[in-house]
Amino acid sequence: MTKVGVLGAQGRMGAEVCRAVEGAGDMELVAAVDQGDALDALSAAEVVVDFTHPGVVMENLRWCVERGLHAVVGTTGFDPSRLDTVRSWLTGESSGNVLIAPNFGIGAVLMMHFAQKAAPFFESVEIVETHHPHKADAPSGTAYRTAELVAAARAEAGVAPSPDATTSGVEGARGADVDGVRVHAVRMSGAVAHQEVVLGGHGELFTIRHDSMNRESFMPGVLLAVRKVPELERLTVGIEALLGL
Ligand SMILES: NC(=O)C1=CN([C@@H]2O[C@H](COP(=O)(O)OP(=O)(O)OC[C@H]3O[C@@H](n4cnc5c(N)ncnc54)[C@H](O)[C@@H]3O)[C@@H](O)[C@H]2O)C=CC1
Ligand SMILES: O=C(O)C1=N[C@H](C(=O)O)C[C@H](O)C1
């Protein structure tokens, strides 16, 4: 039985993770911690799962790394500089692996993978993500990561930046620029988590779309990560490798 602790246990995702862990025959929920609770209860865990907030996740993760606990992190906000910081913490510790994934949905991971594959074949590519209006960060971690993957694939293939003749307009109208890829964030009541990667050129448009209909959809990926994290590299980003992608 793997002993699992959950950080952000009263949140939308954390509560779902607690239910999933309790329902898994090979796991035991040993700590369910939320804001204001002491972290000490997590010392009983082998793997800590964090779904909290981009503003607090680094502090939580450092606490886990210092104690040699394996960490599975779904909280967003990990740019390259944060990942470098986590790497530097891990080099100073002898045990405990960290897996950080912007999205644990199997379909979402495939959407990112297919977008990366398609990106060099089209002149233009932009990303449109839609989320519930309670979301703290924009663009979403998934959109940010997709843009990074798409940009890297295009750079490797020597593809020029997407054409854009805009010289005047209202600020923000063209979305955020992530590594040269435009990302548009919609916040919409009734939505859960949705993303379209739109690619275009030579008289055709190709849209890769993924919809998370509920938070249960992320649980197979989270449980897979909990099971695999002890045997991974010190730092793994995304669950692609766990799916053989
Ligand atoms: N990787 C993935 O597949 C997914 C990632 N997310 C990300 O997970 C994060 C959380 O999302 P939600 O559950 O919707 O948010 P939420 O706001 O419903 O839950 C966050 C919980 O963390 C708690 N919290 C805040 N500070 C804390 C601290 N210092 N220690 C312990 N608990 C603390 C809050 O009280 C709250 O209960 C976001 O960054 C979101 O983008 C969300 C869905 C899927
Ligand atoms: O906040 C959410 O809900 C989600 N956050 C993650 C993100 O920012 O990409 C994953 C998913 O989109 C749901």
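Cβ coordinates come from backbone N, Cα and C, glycine included.
Curation does not apply to TrEMBL; its annotations are automatic.
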Original post:
Taking Asp26, Asp34, Asp37 as the options, which does TrEMBL list with Gly8, Ala9, Gln10, Gly11, Arg12, Met13, Gly74, Thr75, Thr76, Ala101, Pro102, Asn103, Phe104 at the NAD(+) site?
Top reply: Asp34
**OP:** Take the C-alpha atoms of His131 (active site, proton donor/acceptor) and Ala101 (NAD(+) binding site) and report the distance between them in angstrom, rounded.
**Re:** 17
Subject >> pLDDT averaged over the residues of the domain 'Dihydrodipicolinate reductase N-terminal' (3-104) >> reply: 97
Subject >> Entries of His131, His132, Thr142 (recorded positions) sitting next to ligand 1, with Cβ under 6 Å as the cut-off >> reply: none
**OP:** Please list, for the domain 'Dihydrodipicolinate reductase N-terminal' (3-104), how many residues fall into helix, strand and coil according to DSSP.
**Re:** 40 helix, 23 strand, 39 coil
Original post:
Excluding His132, Gly141, Thr142, which residues of the same chain place their Cβ within 8 Å of the centroid of the Cβ atoms of the recorded (S)-2,3,4,5-tetrahydrodipicolinate site?
Top reply: Thr76, Pro102, Asn103, Glu129, His131, Lys135, Asp137, Ser140, Ala143, Ala193
